[in-house]
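Colleague: Encoded as structure tokens, here's the structure I'll be asking about.
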Amino acid sequence: MRPSIFSCLREALVAQVKNITIVLKPKVTSEFESILPNLASWLHRRKKTVFFLSKEKERLTKLFKGDLKNINFVEEKNLHDNTDLIITMGGDGTLIGVSRNVKKSSPPIFGVNMGHLGFITEFSKVEFFDQLEETLRGNYKLTTLSLYQVEVFKKGKVIFKGNFLNDLVINNNQISRMLTLSVESEGEHIYNLSGDGLIISSPIGSTAYSLAAGGPIINPKVNAITMTPICAHSLTHRPLVIPDNTSVTIKAAKPDEMIKLTLDGQQAFVISSQETVRVTKKKSLNVRLIKNTDRTYFRTLKEKFTHGMRDTK
């Protein structure tokens, strides 16, 4: 009996997942003491080659009590080139840090949340082994998220380039000072914003800083970006949702103003009033996440915003 095309495709998917790289939440050891050696052994029994980032050697020596014979290492700059699956262990921030540097050939990411609740790290630390087993068998679905590019121009030349998955925050580089930003889209002036700053967020980032600043929740299936003022010095400046296939340009509206750009809360760059920021969607580059089929967007949304609430009964 000849195998069906579907079984052949499934076998091909399984065969592809050979090299697995595990990326850990930085500066934490105690919460990995039991789970990490167990995970590495579990993968080794399934004949998977396990990699960690080279910078983790010292921490792993403690966690594995010096026994690193089945552990391999990869440089961070080569993370997306030498692996078939990336497992992030931490929170949303750990996954976002990996996602910002994806390439066209990057593998899917399996996000394990080591805390109580993650928004894009969909798998719990207490129950992910069964779901990882299904992933290694080729039984998984993918969620695709867009990346956004930030470019800084000075006299027509690009002096900085970076990506964000969640949001770009633009504020004053000096403590407790209001700034004024000139904001344009596709060459058309939108407004001059006076206040503490501006958040430009993706749909998946709309539930983060933007929401805390009064922005709307945008479903990840909506192709849009949100511009949310931070403490605007005007009652007329409200969050604005625009199509994500348009560019946004921001610059200081006043001379001698220093502005700080923060990408996903992890990467910062300071610019002067002589420089211009442009934000565009990276059309040919996406982040592929292994989806937890036991969860839905609205279930996660409800749990995220009721988590920690006091019982009023």
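Placement of Cβ uses the backbone N, Cα and C atoms for every residue, glycine included.
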Colleague: Which of ASP84, ASP196 does TrEMBL put in the same NAD(+) site as ASP92, GLY93, ASN166, ASP167, ARG177, ILE204, GLN266?
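Modeller: TrEMBL names ASP196 for this NAD(+) site.
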Colleague: According to DSSP, does GLY93 (NAD(+) binding site) fall in a helix, a strand, or coil?
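Modeller: The residue in question, GLY93 (NAD(+) binding site), is helix (DSSP, three-state).
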Colleague: Do any of ASP167, ARG177, ASP196, ILE204, GLN266 (binding-site residues) have a CA within 10 A of ASP92 (active site, proton acceptor), and if so which?
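Modeller: Those near ASP92 (active site, proton acceptor) - Cα within 10 Å - do not exist; the answer is none.
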Colleague: When you look at ASP92, GLY93, ASN166, ASP167, ARG177, ASP196, ILE204, GLN266, which the record names as binding NAD(+), what is the longest CA to CA distance in angstrom?
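Modeller: The two farthest binding residues have Cα atoms 30 Å apart.
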Colleague: Give the number of CB atoms, excluding that of ARG177 (NAD(+) binding site) itself, located within 10 Å of its CB.
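Modeller: Taking every protein chain into account, the count is 11.
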Colleague: Enumerate same-chain residues with a sequence separation of six or more from ASP196 (NAD(+) binding site) and a Cβ-Cβ distance below 8 A; give 'none' if the list is empty.
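Modeller: Those within reach of ASP196 (NAD(+) binding site), by Cβ under 8 Å and sequence separation of 6 or more, are ASN171, ASN172, MET178, LEU179, ILE230, CYS231.
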Colleague: Return the residues near GLN266 (NAD(+) binding site) by Cβ distance under 8 Å, restricted to its own chain and a separation of at least 6 in sequence.
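Modeller: Expected: GLY93, ILE96, GLY97, ARG100.
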